Amino acid sequence: MKNSLFLIKDFISKETLSGLILFVVTVLAVTIANSDFGSYYFELFSTQLGINFGQLNASMSLLHWINDVLMAIFFLVVGLEIKREMLIGELSSVKKASFPIIAAIGGMIVPAILYISLNPDHITGFGVPMATDIAFALGILMLLGNKVNPAIKLFLVTLAVVDDLGAIVVVAIFYTNELHFEYFLYAFAVYSIIWFLNYKNVQKLTPYIILGVFLWIFIHKTGIHSTIAGVLLAFAIPLNKKADLEESVENLSVDNPLVKLEHALHNFSAFIIMPLFAFANAGVIIDFSNVIEHQLIVLGVALGLIIGKPIGIFSFTYLATKLKISVKPENVTWNDIFAVGFLGGIGFTMSIFISHLAFSDQTIVGAVKLGIFASSVIAAIIGSVLLILKAKKVEP
């Protein structure tokens, strides 16, 4: 279990730094997009890039290569983290898992309801306020330093892991284009082979990765968003639960392909993919007339993130404990839960990602992005103030 805690601390430290980098990159992208260099910025990410290999011809804009290919690697890392937590971490038992699972469910359902109540004619955007940007949220906690109880950080991480799983399910079910069933058969065949390797306890990562590339291609062709391939591959990577978890993390990595792959990709995901995604997607022209034109959509997203998230997380967990369905973690107060609920309202990169899937009209996407930025900042400020005030009360 020591190694499990070590992995969580390592995850927190990397995601925290990544969150700070994302903030800088976001400011840079918005600044460039609204400067004299804005046209070059948008032209860059509209550039068509292609691969021609035999019968394989793939051509997409640079933006789509980032959002479809690199984000599949990001979701591969997310999937690895989810599987690890479910097998040896904070989600490995019903007692441990129930509280953050219920918190995440509340933090997804209430924002979605608030959004839909305001936008019955643009219902596809309901997934935008459901998401949480774990890197940004942990970055805020890091800036607060020792004012934050370590137990709060652990709760936020486990909450975000479940939230990510929920986002994956939402993307797979609700943001799927026209389906091509013949490619489902190809994808199923490849995925069956991957699981056969897992069944045979094949420890080398190379065959999993090669087959994972084909899995991505076929899922991309099915009409399901191709990032789902990353999650499916992650769930099939073996993790040796019987390994001695008291050993050093280096030995654990050698014995466990899942941990080895997670460590190999985490820095690339946190410090290359996510900043690149933020830079490519955060550049939006600040046009308040556009926001006014789509004010109900923007308001639905804002209310979902700023109000829906904390109310959903707090009310669902409070009710669950009163009904004895779950138990609140030790050393975490209800004030902490409420404050973390606001940090859960920092949607940022994940909300931006879903906004591109939810809306085809780029003017709506631009307005929604501004709403996401403003809402995430407000939620971060409120959550931070609540945690600081709570810390001052407990100081001698």
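Glycine is treated like the rest: Cβ placed from N, Cα and C.
Residues or ranges marked as transmembrane segment in Swiss-Prot: 17-37, 62-82, 98-118, 125-145, 154-174, 179-199, 209-229, 268-288, 296-316, 337-357, 368-388.
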Recorded stretch, among 62-82, 98-118, 154-174, 268-288, maximising Cβ pairs under 8 Å relative to the transmembrane segment (368-388): 268-288
Stretch in 17-37, 62-82, 125-145, 154-174, 296-316 most in contact with the transmembrane segment (337-357), if contact is a CB pair under 8 A: 125-145
Dominant neighbour of the transmembrane segment (17-37) in 98-118, 125-145, 296-316, by Cβ pairs under 8 Å: 125-145
Same-chain residues at least 6 beyond the ends of the transmembrane segment (98-118) whose Cβ lies under 8 Å from its Cβ atoms: 90-91, 125-130, 132, 155, 158-159, 161-163, 165-166, 170, 296, 299-301, 303-305, 307-309, 311-317, 320, 325-329, 337, 341, 344
Which of 125-145, 154-174, 268-288, 296-316 contacts the transmembrane segment (62-82) most, counting Cβ pairs under 8 Å: 268-288
Tertiary contacts of the transmembrane segment (268-288) (same chain, 6+ residues out, Cβ under 8 Å): 14-15, 17-18, 21-22, 25-26, 28-30, 32-34, 38, 41-42, 45, 62-63, 66-67, 70-71, 73-74, 77, 135, 348-349, 352-353, 356, 366-367, 369-370, 373
